[in-house]
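*Asks:* From TrEMBL, for reference:
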REGION    1-26  region 'Disordered'
BINDING   G41, D42, E43, G44, K45, G46, K47, G69, H70, T71, R268, K294, L295, D296  GTP binding site
ACT_SITE  D42  active site, proton acceptor
BINDING   D42, G69  Mg(2+) binding site
BINDING   D42, E43, G44, K45, N67, A68, G69, H70, K151, N187, T202, R266  IMP binding site
ACT_SITE  H70  active site, proton donor
Amino acid sequence: MSLTWSAKDHKNANQSAATGQKRSRNDAGNKVTVVLGAQWGDEGKGKVVDLLATEADFVCRCQGGNNAGHTVVVDGKEYDFHLLPSGIINPKSVSLIGNGVCVFTSSRTGLRVCDLLGDFKDFSARFKNLVRQYQSMYPSLTVDVEDQLKKLKEYSERLRPMVRDGVYYMYEALHGPPKKILVEGANAALLDIDFGTYPFVTSSNCTVGGACTGLGIPPLNIGDVFGVAKAYTTRVGIGAFPTEQLNAVGELLQTRGHEVGVTTGRKRRCGWLDLVIVRYAHMINGFTAIALTKLDILDVLDEIKVGVAYKLNGKRIPHFPANMDVLQKVEVEYETFPGWKTDTSAARKWNDLPAKAQNYIRFIENHIGVPSMFDTE
């Protein structure tokens, strides 16, 4: 059998594809709004999600394990979430934990919720095999297998009414009546397993692709992507940190900002805002707006610096280094701004901010090419 293909056939195929693509885009359904970290985490994503969740029908965690920590304060009460979506406080929205929140072993022997809710005899056998596997690697590990299985059996019955097939559930939410769907990412761009500061990264994709793979939704349904960044920079643990301030400024930021890890309890390292990493995060995620948090922490400073470029051996480098040895050696080029020396903690609108604070934000917007959420309200 032979196949012939003429120029006319090619033209007709292109026209059909274009028509189908247009129809497909028009029938795409509801769009999701994604909230992602634009630095090394701890940017205040939970607070942003909590604010947006007041108008959301669904709030979904798409990736990251329980090493993520989001703090939300509501009516004076503090909540620290590790797996649950930050929007769970809103009684009007449905909260969903996606498949991407689970972390499996590399040997593909991990146990999933669908296994827990299946044949418990089979689950128990697999659980025992998993325990033996880990005990062979860690001989001092002791596990009361029967006690753990008893607890897991109880958990399975408590969880059963709340478990749905995520792909079908999200598909119905996307293609049913108009709904506002909010997606909460964990960690941040610079901790992404593929694009972060490897090897000091997490085990999942913390960038916009993680919303698709973690929830089983197509890229076509991604709407706004809000990047969250502090007005300065923090990082937990070791690894390169070009704008880190090992001085009185860093100590002031740490103290005023209460920079202590939600999950680890460790003090966070602090430094000036690094726009090289925020712009890099934008290149990967395509932010439609930036939520700038903790601006008020800078209120008392006489001058404020912003990292705008890296130099290596005295020459600007045009990209964010993938090699961490190189990142350790870069020199930061700064822009310096006068402090506004005014309390901005009560500011809720653009006009509430002093002119010098507005200039600081405008510079950030112009440098990365993304408006702040002040301009999208």
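Using the three backbone atoms N, Cα and C, a Cβ is placed for every residue, glycine included.
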*Asks:* Consider the recorded positions D42, G44, K151, T202 and say which one has the Cα lying nearest the Cα of R268 (GTP binding site).
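*Replies:* Checking each of D42, G44, K151, T202 against R268 (GTP binding site), the shortest Cα distance is to D42.
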*Asks:* Whole-number Å only: compute the distance from the Cα of K45 (GTP binding site) to the Cα of K151 (IMP binding site).
*Replies:* 33
*Asks:* List, in sequence order, the same-chain residues at least six positions removed whose CB sits under 8 Å from that of E43 (GTP binding site)?
*Replies:* G37, A188, V228, A229, K230, T293
*Asks:* Which of G44, K45 (the binding-site residues) has the most other Cβ atoms within 10 Å?
*Replies:* K45
*Asks:* I need the CA-to-CA distance for L295 (GTP binding site) versus T202 (IMP binding site), whole Å please.
*Replies:* 27
*Asks:* Measuring Cα to Cα, tell me the gap between D42 (active site, proton acceptor) and K151 (IMP binding site) in whole angstrom.
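*Replies:* Pair distance, Cα basis, whole Å: 33 Å.
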*Asks:* By a simple count, how many Cβ atoms lie within 10 Å of the Cβ of T202 (IMP binding site), its own Cβ left out?
*Replies:* 20
